[in-house]
Each structure stands twice: as structure tokens, then as C-alpha cells.
Amino acid sequence: MEASIAVWIYEKLLQLDMGKITEKLLLEKCTPKNTKLEQVKTLNLSKLGLKSSDLPVPLLSRLRCLEQLDLSGNRLQEMPSGLVLPSLRSLDLTNNEMEDVTTLDTLTTLEDLRIEDNLYITVNDNYKLIILLPKLRFYNGKDISNTANHVRYANSENLRKRVLALWETSFSLPDHRTAEKLAIVERDFVSAVRHKVKYGPSSLTDYTKWRVEMMAKEHLRSLTEPNEEHRDTAEPADTKENGNFPFPAKRKRSASAVKSDVTLNPQKIARSSRLQSIPHKAERPISTTPRTHKAAQIPATPIRGQSKLLVTPGNGLREKQHQSKEDMPLAKRTRKSARQQWSTEVNETPGKVICTKSQHSSQEPVSLQPLHVLQCHSKQDSPDDFSTQLWACSFQPPLDYNGDVNGATRIVATCGGESVCLIDCETGLVMKKYKVPGEEFFSLAWSTVLMSRKGNICLRPCSILAAGGKRGLVKLLHPRANMAYGEFRASRKALSILCFSPRQGNLLFTGSYDKNILLWDIGGVDSDYNFKVTQLLVLETTSTPLHFCLPPATPDTHLIAACEKGLHSYNIQLNKDPKKRSEEMEITFPVYEKDKDHDYHTIDGLGFLTNDVVASKSHMQGSIYLWSWNDTRAQRPNRKKKKKEVCAVILVELQWSSTDIPYLSLNTCPSKGYVVCGDERGRLWTYHVTDLKANFRSGKAIPATEILAWPLPVRNGQGPVEGPPINSVAMDPELRYLVALSDKNMAVVWIRTESS
């Protein structure tokens, strides 16, 4: 113990001491030892906590003979401008924070580059590196010679032909060449090639625009300065999504790496006029026959269950037993997980249920049974993919189906890995699937916007879905029309949460890892899916936002943000200034878990149960608080006071798991008075709250109404699988269905049944 503390202290002191790169340090870190920088060939500057600004270009430029440089384990976002190392052959940038790979363009002699574990490096950056580093042969330890040649030459020629064809048909040099006129021609030509030259998969759109812009400028220089030599490195308009190119591993919100799923990358998916046109009839949920469904690129046709497994709850699942009449109902079920090609061998007694009726309840608690378990986010349809983490789910609103609540609320959207899926909860069919190679989706949100028809004469509401993740891009989808109609960049870093205003469907809040909350107006769409995005507000926070809630009674005036370092309230009225705002108040709670190194203020669950009552939980709290928003806000500090902290007015504490796993979010169903939260063992803790005044007793934590478990299906040839952590839960407004997403690539659909 003492030794480990000593090592930790030493590393911290080392980081402080090494913040400034000196000649002495460089000579100490080189191998073999040398007395002159000009003769150093190998240098190890790993794990020094270096930022880009810590790298002194004049000093490093003296390393004329340097061949190998290790900068792994630092905090570099880019390479410093003007750094030239003419002999450098090998560079290790593993485990940094690299965002801009174009800053490596001066290191043209590089042959071997390692850049794994840089969260913000995308598939487009990989192709840019091939162009920028003409001698690059080894990437992340793999030989990419064949792919690099294909990118630099074959695909380059295809792009160049398109650029030249556009010039020949639409542009020419002005008769009287002045700097001003040439600048206008360059601007218009570059804009045209970026928008009109299309080639390769949509996953490489950013790269293609970057490369054709480069080619357009090179072509103009060749016409205006014909004697000047230009570097003519060819490039990819990649015909393969991933080619043979070994892309770097990505980092996730939690410790385990998330992998992604199957097919599809539609900018336009085959159009379907009707969601209900199902060529294959779905098997009924209660079945004794195992079913395995494969995912496909979903055009108009629903997919049969995508690695679906059905579970048969046994007749003896529920055993009633009474407890104290003062307590709310308590029930227990043990929940165990399911996998892809499951047999329906179900343990006869997967768990006991203890249930008591509350004498105060005006409604009976609902009875839920497991209906489907699916693996619809598997990478390459692999039945062995249990590493893709599923992060968010939400039920579709009814307006896109002319108010048909029964039809609309059966559809739930789920996201995780590279894909977003739309699942029919009744049949277990995956109705739609959207995939973006290289993306990891962390959040999604439904909304209703207006679509204009011919000449803006007629407007109609349509349900859209927004999804975002590690790339910082918001993808806009219109599922009913099978259209991924647009995207916009909301952050340079990963998006953690999306939330639409329930009152103004065109207003979208985004939270990201750059510790900002932004409000956007995404407008409506026309019949050609043209849209316009405008940024309206910037809300500053000191940590990553995890969940948003807009008070049901005042969604236009306040936003509550659950963050890594606390719960914050913001004034979001658009008729007030400034447009960049700090928090109005921080809402604090009586219990925050602490240890010698940390004071955990992480709020990782948040939801309104009524117009006033809020459910929230803290990381490692072991319980869920129900508190009053109105009474808490009434205590808000005077604007003149610097301290903005306000203690939440706690109504009751609900017993929950004592796990230390973060980001297990809760959900609420106000119409049925339900709070539900999953735990680290795959269980669902459900709380039926109907009579607030009668049920709440100060000072005593209330047990769960029921603790549900999934029914322990068994994979073919395999034994039962332990229940995984439940990251997210969603309920439709009438609690007909409940969907739980796990950390191990399994989505569980529960259905409400008649009480026995």
C-alpha cells in the first residue's frame, strides 16, 4: 500500500516537473544516451502529461537525426505548428486526445504511426493521414501498404477526374486576372467541388470534401503558376467502407470498449410508404421454440427480430407474501440475462416474487412479464457480440400516425455502437435500422416538427429522431420515410445527451464532453428535406452533462441538467440576455458518496414524476430521492449572493442497489405513477407511487414495489448468463411496454399483463 502511494506521488511530481520540455530533459530521455540533441535517434517522452503547448518547436527542431519518437500517454490534441523532424520514421501517439491529424503534415518522412486510443480520431482522419504522410506503411502495428496505394492512386484518379470535369463544364479563368478575381474564382470553385463531387460511402463525406478542396486549389495553382511544382499525392474516394485499413480503437464512457453493429449507412434508405407492410409474419412472443433473427440493411421491410430470443415465463414466477401495511409494495425477482441464439430452456424458478399491496394506493401496481430479448446492435451480426454497450432508448410519439396511440407507442428507438434501431415491441421486429460506420451512439431523442409541402401551402407534423455520439454530430432521421435527411456538428467532442423541448419540437438541447450545453433551433423541413440549424443559447457547466429535464409546467423557462459534478438549474428564456449563461443554482443533496480521493457529486439519473416531483439518484448513493422542484426553487439564492447552492427539498428516499457502477439511469411514467431503474445485475427496481402524501414517511427509506429479473434464457449449447448492468430504461406513456437496455448488447422488452 505504502509503495503504491509512493509511486503515485512520484508520478504526480514527475508530471509537474516535466511540464516544461528542456534540453536537459531531452538528453535524459533519449536512448542511447547522448550529449548533443543533433545526434539523438530515439526519444521517449511518454506519460509526462504533456499538452500541445508544452512542445517547444525551436528546441525539438534541433533533433535532425531523430528516427523514433514516443509521445504516448500524454494529453496532446494536435502537433505544434512548424515542427519539422526530417529523419523521423516512427511516431507513437497512442492514448492522447488527438483531434486534428492535419497538424502531422510536416512529418512527411513517417513510415510507422501508432494513434490508437484517441477518442476523437474518425474514419475520415485515417484516410487524411494516408494522404498527408506519403511514406506511411504501418498504421497501429499493421501493414497498410495495399490500402494506402489504393487510396493514393486508384481512388485519387477518380476524384481528380470529377474535379477537372466540373472545372471544364462550369468554370474558367477571368480574362483580366487580378488577385481579387482569382480569389472569387477559387472560392466558388472550391464551394462547388465540396458540394457536387460525390464518391465513395457516406461515411467518408468529410474526407472527400477535404480532399477535393485540396485538389481544386492545386488545379488552380497549376493554371495560374504553371512553373510551380505541386505535390501530387493521390487519394481515396474509398469504395470500401473500411477497406483493409486498421482503424484505431475507440474509448467509451465506461471502462469497457464499445463495439458496433451490422449493416447500413443510408443517406437515403429504400423508401417505404408504409411501416406496416410486413412480408414475414412475426412469431408470437410466448413460444417454446428458439428463434434467431439476422439483421439486414433495413429498407422498407421490417427485419425479423435481429437475433431475437423469446422467453417463456413459468407459471410459478410469482409468489405473493405480505409485509408491513405501512410499506409500499415490495417484490423481488431475480433477473438473469439472455444471449443471441438462445434455447428456451428456462429455469423453473428463475426467481421468487414477493408482492404486497399498498393500502394507500388508488391504483393497482401493474404486472410486467418479459416478452422479447434482442441483440439488434451486434457487430457484423455476430452472435458472440456481448461487448457493444446500449445507451439510450425512447418511445416514438404518436403524431406521425395520425394520433393512433396504440400503433405509435409500440415503436421504441434504441442506440448503441454504430447503429440506431426501431423495434416493434409487440412483435419484436426490428422495423428500421440506421448505421454509421465508426460512430458510437450515446443518446437519441424524438420530436415532432412541421414539414412543408409544395409552395409551403400545407404544413403537416412528422416525427423525427435525433441521434448523437462520439463524433459530435447530430444525425436527423425521418424514420417513417426511411430518410436520414441531415446532420450538423454540435460539438468537436462526443455528445452525451440530446433532449427536445416538449412544447417547441424544433428546439434541441445537446450536452457534450466539452462541458457545454447548447440550445439549437433545427427548424422544420420541406418536401426535399432542406432544413436550417441555428444556435440559440450556450449554457456553461463545469462537467459533462448526463441527463436533461424540462419542468413539465415550465418547459420554456428552465432546464435541469444532471452532470458529472452535480445537478444544475438554468434559465433558458430566449427573450433574455445574455445568450451565454451560467447556472441559476446548483441543487444539492444530503448524501454524496466520498472516499479519500473523490467526492462523488455525479447525478446519473433524473426524471419528473409529476409537474413538481422529481426522481434523481447519485452515483454510489444506493437509493433514489424524490424531491419537490417548486419548493426547492423557492429557496433559490438572491442574484447578489455568490453562493448558488440550494438544498433539495426531499420528500422521500427509495431503496435501490448499493452498486458502484455509474450511468445506470432511471425513468418515470407519470400517468401510472411509476419510477423504474435497472441495476448492475440486470434487475429492474420498480416503484409504484400514487398517493404522495399518504405514502411518504420522513426518515425511512421505502422499498421497491417489485424487483424484476429477466427469465434466465439459455443460449444454445451454453449455460445461463449472469445479468448485465442495465444502462437505460424506457416506458411508453400508458406503461403497456417497458424496454431495458443492457451493457452487454441485449435489449429486453417487457409487456404489461392482467394481474392474476
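From the backbone N, Cα and C atoms, a Cβ is placed for every residue, glycine too.
Quick caveat, the model's predicted, so the values are computed rather than measured.
Residues or ranges marked as compositional bias 'Basic and acidic residues' by TrEMBL: 221-241 (among others).
The compositional bias 'Basic and acidic residues' feature in TrEMBL is assigned to 317-330 (among others).
Summarising the annotation, TrEMBL assigns domain 'Leucine-rich repeat and WD repeat-containing protein 1 LRR' to 24-215.
Residues annotated as domain 'Leucine-rich repeat and WD repeat-containing protein 1 WD' in TrEMBL: 363-750.
Per TrEMBL, the feature region 'Disordered' maps to 221-297 (among others).
Look at TrEMBL and you will find 314-345 (among others) tagged as region 'Disordered'.
Per TrEMBL, repeat 'WD' is recorded for 488-522. Long-range Cβ contacts of the repeat 'WD' (488-522) within its own chain (Cβ-Cβ under 8 Å, at least 6 residues beyond either end) map to 99, 119-120, 253, 440, 442-449, 466-474, 476, 531-550, 552, 555-556, 559, 561, 570, 572.
Taken residue by residue, the repeat 'WD' (488-522) breaks down under DSSP into 0 helix, 20 strand, 15 coil. Model confidence over the domain 'Leucine-rich repeat and WD repeat-containing protein 1 LRR' (24-215) is summarised by a mean pLDDT of 92.
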